[in-house]
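Asker: When I checked Swiss-Prot for this same protein, it listed these features:
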- 93: active site, proton acceptor (ACT_SITE)
- 256: heme b binding site (BINDING)
- 1-22: region 'Disordered' (REGION)
- 89: site 'Transition state stabilizer' (SITE)
């Protein structure tokens, strides 16, 4: 067959065709549990980024970055001969996708270089910033990730323009495929805003106002130039990104001290974004046919101009101009709503970025003007204007928080520029300064705990409640710190406060008795004791099933204080649902099984790990409220594979108890006798074909030992998710 004939037959490559997801749009997405495997990572399984970063000459990298700032390239000329504004925007937009609702987004994975972020409208022309960085990345290779380099470039941009930064911590590890677990919104058009309902209520966990934007629409809500209404959007969005009003004003005013917006001509001249660009453009997008398409002819956001004179110098110009002048609404050359200062003094005129013979009036976006006209922002901005040192410190701290918020505790930061000051948003836990318990102590404490009168279910549920707050997204939560004994965690409904208080009181008594009996400085923390209690309970439950297993335990956790716990910031860690405890706080638009997958992904669990944990937690009787839903066993608190055996039993017929199909009854197929009750979370392991395949492994007659070993391994993983000292 000729090549032409073969082409006409419509031959297709592997991976094409109608996908399962297209056939069944509501199919459970288990792929998010199996992202970022070694199969997609070119660095190899032995690569340790932290070790490589420690070999890096950070001072040399910074020197090269400083030199780059003024090394203007013909293919993408620097505004005023300085790339500082471009790199600040790149770093800001890398970090600015973070939202505290689920901890996802942020700068920690270098995802700006991948879809969809590399092609968001708000990231227009940041592809050029990353290409400008490529020679430096190429030079230092594996010793610095793209994720770290993008933030470091933003820091060096600030320094090169006269600003003193707060510090820098390395340690961000690149991913090699898009982060598909992140819900960016349900809109199917750029700048769509289906995420709102009611009186501009923004859908959780989203923070940005429209699809493809990092923060707010700079022209105002839905493009309407209303500074007061914009202030409401700014406050909501920045709050969801973990910033208070003072931090918000500092970030906006500080960031807009530098650089300019680009809107030299109509957006119709701009070509497709990087993911849609033709092959020959080699990953660069937004090619413009407007004149030269670059420099003074560049088209980006559609807004045009700089906020203040001297856009490559740190000074108070932004706030001075903001309050000094009245502002008139105009259209940019690209047709965007923006504001220009009226009757501008010559000293405040802005020299054109590419033609020093021309001067421009300062501009503001509608969002900028919210700092002047919002009743809360305005006095903060005026205070900063009157106190330059306070403003500089506020911006430095807010910028550091912005760029490090998703990295977890300070102990994860790498490099010589990590600031010494410990900040409350880092969820500080005291250093362990005492001698740790040894193997004999561990065995003795296990015996004491099991003899305390606390049940296996009590101990398992408490250890799980403590450890499972961890979020792999922003590395918050976990058992270290024992914050389960502090507000707000001790009062969360999912933790059954009365029962929790009883368990903690008993464990605290054991802790005090043990510590008081020591003479050589050896101590045990409550954080360690909570986890140890869970491990002892799992071992006891396995013993009841006729098996001797040892659950790994490594001491070294410490107890945090209420003083060093920002209770308000911890409220977002409260589970709206925890399928592992068969808990759901309320009725939601998404199904219980989808919420389970979401939580499993935050716990960095695979589908097999999630499956074996569910089966074990059910027979351990660890449900919220001691409910019997999903407890498919006649011998609770005994670690068997009964959950899987009975779920897969064809002698049982399942029917929903109500129209909402949230709760189900399992009856004997012949007699109709009620055998079990279960939730959607329980039944999904028999319904979903992929999860059923895994469940069948654990339901086999010869699987008890494998079930035990796999459960212990998954349990140990969850208990140690925040033990970064063990990595």
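These residue numbers are counts, starting from 1, taken along the chain as shown.
From the backbone N, Cα and C atoms, a Cβ is placed for every residue, glycine too.
Burial and contacts for the listed features, if you can.
Answerer: Residue 93 (active site, proton acceptor) falls within a helical segment according to DSSP.
Cβ neighbour count for residue 256 (heme b binding site) (all protein chains, 10 Å cutoff from its Cβ): 25.
Within 10 Å of the C-beta of residue 89 (site 'Transition state stabilizer') we count 25 further C-beta atoms, all protein chains included.
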Asker: Express the distance between the Cα positions of residue 93 (active site, proton acceptor) and residue 256 (heme b binding site) as a whole number of Å.
Answerer: 13
Asker: Write down the Cα-Cα distance for residue 89 (site 'Transition state stabilizer') and residue 256 (heme b binding site), rounded and given in Å.
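Answerer: Each residue's Cα considered, residue 256 (heme b binding site) and residue 89 (site 'Transition state stabilizer') end up 9 Å apart.
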Asker: Near the Cβ of residue 93 (active site, proton acceptor), how many other Cβ atoms are there if near means within 10 Å?
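Answerer: A count of 22.
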